[in-house]
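Engineer: Here it is, the structure, as structure tokens.
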Amino acid sequence: MSSCGYETRKERFLFECLRFVKDISADSRQFYQQQKTKTISVLVKMETKLEQNQVATTVLYLNESTPNITTTDTNLCNNPQCYMVLSTPEKKAIGTICLLAGPVTFLENILVLLVIASSTTLRRRPSYLFISSLALADTFASCFFTISFLDFHLYSQSDSPNIYLFKLGGVTMAFTGSVGSLLLTALDRYLCIYQASNYKVLLTRTRAKLAIVLLWCVTIVISFLPLMGWRCTTKFNPPCSQLFPYVDHHYLAFWTGLQLVVLFLIIVAYVLILWKANRHETAMGGPKSGRQSVKGQARMRMDIQLARTFSLILLILAVCWLPVLSIMMVDVTVTLTNKQQRMFAFCSTLCLFNSCVNPLLYALRCKELRGEGCALLACCKACRERTLGNAQGQRNENDSGISKKSKDQAVSDSNPDTISESVDKQ
């Protein structure tokens with residue numbers, strides 16, 4: 001009995017041990033299954049994150065290497081092709097405008113510079129020094145703007161950042177110098193009207209030259225600031241401009257604000273001149289008699305003509321510059337669409353048109369400059385006629401020398417016959 005009880009207890013103990021082991025193995029299998037599930041989920045997350053990083057790296061590489069691939073966000077721009085938004089008909093229209101206005105602007109301003117440089121009288125007057133600065137800036141604009149604009153929009157040339165910013169700096173320098181020269185011309189006319197008695201004392205030739213040198217030094221520094229380092233660090237994405245690659249919004253806002261201030265000062269100067277002319281016209285409109293009345297009417301007609309000229313100048317300034325500057329300010333504040341970018345491309349040609357019209361408004365309307373131009377043309381014509389006359393005289397001398405030589409040869413040929421005849425006669 002004792003042995004049976006012992007065996008029973010032993011079997012029961014073994015049975016309990018087996019059940020305990022079985023429970024432990026079940027718990028271990030469950031724990032292993034849980035750990036396996038957690039490990040698999042962690043690995044899946046790591047693989048997903050790795051794939052996302054690889055996709056992002058691939059997209060970034062493709063955006064930098066191929067110009068035709070962009071990200072899914074239409075508001076972001078990753079290559080210069082985003083700025084080349086013109087269609088084929090628009091490119092033809094832009095090319096026609098630039099190829100017509102560019103050479104005409106260049107020839108007009110070169111003619112003004114030649115006339116002023118050839119005249120000692122005009123070179124001494126500050127007004128014509130300012131007009132020379134304006135003509136020089138417009139000459140640069142006709143070259144830099146036409147070449148850079150056609151190269152980028154028409155031929156879709158993608159330059160390196162430094163080369164592009166150098167070209168853009170040349171265009172910015174030309175137009176900044178043009179607007180600055182317009183300001184100097186407006187201030188010159190303001191002093192001439194409001195400080196007529198002290199005009200020659202206030203504005204001497206030396207001061208005019210210093211003002212022009214200071215203007216161009218400031219213009220060059222401001223224009224090439226992006227090339228010196230004030231550029232967009234993200235190349236194309238915000239805060240980069242959507243009108244000019246590599247240009248920072250802050251620089252664009254700075255330059256646009258500066259041009260608006262300069263244009264405002266020009267408008268104020270001409271408005272004050274017009275107001276002065278209107279007051280003078282009103283004062284001259286009273287009852288006069290005799291010779292004084294004739295002089296007053298002539299003076300009033302001149303003031304009216306002056307007012308019309310300045311009104312035309314203000315109108316052209318507003319039409320040519322306000323659309324471009326307005327779109328630039330919009331670019332600083334909000335995101336532009338492709339339609340607005342195309343509109344800016346066409347509005348930019350108005351600045352070239354302004355450079356084309358400036359010689360007609362400021363230079364060729366002056367009687368003195370037209371007289372010097374006619375004198376220069378007459379001098380060139382006289383030199384040409386003198387050159388042709390000298391060439392004709394030399395040709396006549398050559399012809400007379402040849403005829404004389406042929407005549408002597410004929411006489412020498414006839415001498416033997418004459419001698420033989422004289423011998424026979426003897």
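Sequential numbering from 1, following the chain as shown.
Cβ from N, Cα, C; glycine included.
The annotation transmembrane segment is assigned in TrEMBL to 93-116, 128-150, 162-187, 208-230, 250-275, 309-330, 342-364. The domain 'G-protein coupled receptors family 1 profile' annotation in TrEMBL covers 108-362. Residues or ranges marked as compositional bias 'Polar residues' by TrEMBL: 391-404, 411-426. The region 'Disordered' annotation in TrEMBL covers 391-426.
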Engineer: For the transmembrane segment (128-150), give me same-chain residues lying six or more residues beyond its boundaries with a C-beta closer than 8 angstroms to one of its C-beta atoms, as numbers and ranges.
Structural biologist: 94-95, 98-99, 101-103, 105-106, 108-110, 112-113, 116-117, 122, 167-168, 170-171, 173-175, 177-178, 180-182, 184-185, 188, 205, 208-209, 212, 215-216, 348-349, 351-352, 355-356, 358-359, 362-363, 369
Engineer: Quick one: average pLDDT across the domain 'G-protein coupled receptors family 1 profile' (108-362), no decimals.
Structural biologist: 84
Engineer: Return yes if the transmembrane segment (93-116) and the transmembrane segment (342-364) have at least 3 CB pairs under 8 Å (sequence gap of 6 or more), otherwise no.
Structural biologist: yes
Engineer: Give the nonlocal contacts of the transmembrane segment (309-330) in its own chain as ranges (CB under 8 Å, at least six residues past its ends).
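Structural biologist: Residues packing against the transmembrane segment (309-330) from afar: 179, 182, 243, 252-253, 255-256, 259-260, 263, 266-267, 270-271, 273-274, 277, 336, 340, 343-344, 347-348, 350-351, 353-354, 357, 361, 365.
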Engineer: Against the transmembrane segment (342-364), which of these stretches has the most C-beta pairs under 8 Å: 162-187, 208-230, 250-275?
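Structural biologist: The stretch I would name here is 162-187.
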